[in-house]
Amino acid sequence: MNKIAPAQAGWREWAGLSVLILPTLLLSIDISVLHLAVPALTEDLRPTGAELLWISDIYGFLIAGFLITMGTLGDRVGRRKILLFGGAAFAGASALAAYAPTAESLIVARGLLGVAGATLMPSTLSLISNMFRDPGQRTRAISLWMTGFIGGMVIGPLVGGVLLEHFWWGSVFLVNVPVMVVLLVAGPLLLPEYRNPGSGRLDLVSVVLSMAAVLPAIYGVKEHAEHADRQPARDDVGRAEPAGQHRGDGEADDHRGAHRQHPE
């Protein structure tokens, strides 16, 4: 019995792949580009040490924490739908981060970016698997998708350097918006919709409990590190004051001794 060969992907699928690479590229750029903007945003927002750590890390924490949940959600409600929703949320959170007036608001915006980013990777990879049925074409498509992700890590510092040379620190976030607009416009035209009604149950309680267990522990570590860095500085000041006082007392004694030896 002859096996039916899987259908070959056409130009529409390959054009759709280029659209799917865009959000993956941005995800990796956002991981690497922020490090260049730290000096400028630190001077502007004056974050504490712990706040600066949260600005840098909360994005990756929430992507990792919601990745499986968003993949399951995409299987249930539609992978293209969750991708477009995540793209719109990513663009909105990027604008909030670009114009954040305080360190606290930037942390919140980065957290929203992480949650939105968690919708992008599983959705794009699932769509690729459905669009490219031929094993050889699927392998090439996933290789190009991975190349886009790795390429974002490479060009992130270059993009950040160019933007920071001419604009303020918020431009490293604002660059996400036009790219996501391309996704929102081209996605409905080039990407098919797929869903899997037989996917596992969406267990939001487990997600909330896992994040509630991990984030407070991370918060405690960051706060402890900040206070530990401050403590030696206060101790050094405390030790320096008596030393300065003793030095001043010694100088006063020398002055009085010299005065007794050479009375006026």
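A Cβ is built for glycine as well, from the same backbone N, Cα and C atoms used for every other residue.
Record features, source TrEMBL:
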{"type": "DOMAIN", "residues": "16-264", "note": "domain 'Major facilitator superfamily (MFS) profile'"}
{"type": "REGION", "residues": "226-264", "note": "region 'Disordered'"}
{"type": "TRANSMEM", "residues": "20-40", "note": "transmembrane segment"}
{"type": "TRANSMEM", "residues": "52-70", "note": "transmembrane segment"}
{"type": "TRANSMEM", "residues": "82-101", "note": "transmembrane segment"}
{"type": "TRANSMEM", "residues": "107-129", "note": "transmembrane segment"}
{"type": "TRANSMEM", "residues": "141-160", "note": "transmembrane segment"}
{"type": "TRANSMEM", "residues": "166-190", "note": "transmembrane segment"}
{"type": "TRANSMEM", "residues": "202-221", "note": "transmembrane segment"}
Checklist entry - Between the stretches 52-70, 82-101, 107-129, 166-190, which wins on the count of C-beta pairs under 8 angstroms to the transmembrane segment (141-160)? => result 107-129
Item to check | the transmembrane segment (107-129) versus listed stretches 20-40, 82-101, 166-190: most Cβ pairs under 8 Å | outcome: 82-101
Next on the checklist: If you count every Cβ pair below 8 Å, which range out of 20-40, 52-70, 166-190 shares the most with the transmembrane segment (82-101)?
Outcome noted: 166-190
Checklist entry - Going along the chain, which residues at least six beyond the ends of the transmembrane segment (20-40) come within the CB cut-off of under 8 Å? => result 52, 55-56, 59-60, 63, 83, 86-87, 90, 113, 117, 120-121, 124, 127-128, 144-145, 148-153, 155-157, 159-161, 164, 168-169, 172-173, 176, 179-180, 182-183, 191
Item to check | For the transmembrane segment (166-190), distant same-chain residues with Cβ under 8 A (at least six beyond the ends) | outcome: 12, 15-16, 19, 22-23, 25-26, 30, 33-34, 36-37, 40-41, 44, 80, 83-84, 87-88, 90-91, 94-95, 97-100, 109, 113, 159-160
Item to check | Overall pLDDT of the domain 'Major facilitator superfamily (MFS) profile' (16-264), taken as the mean | outcome: 80
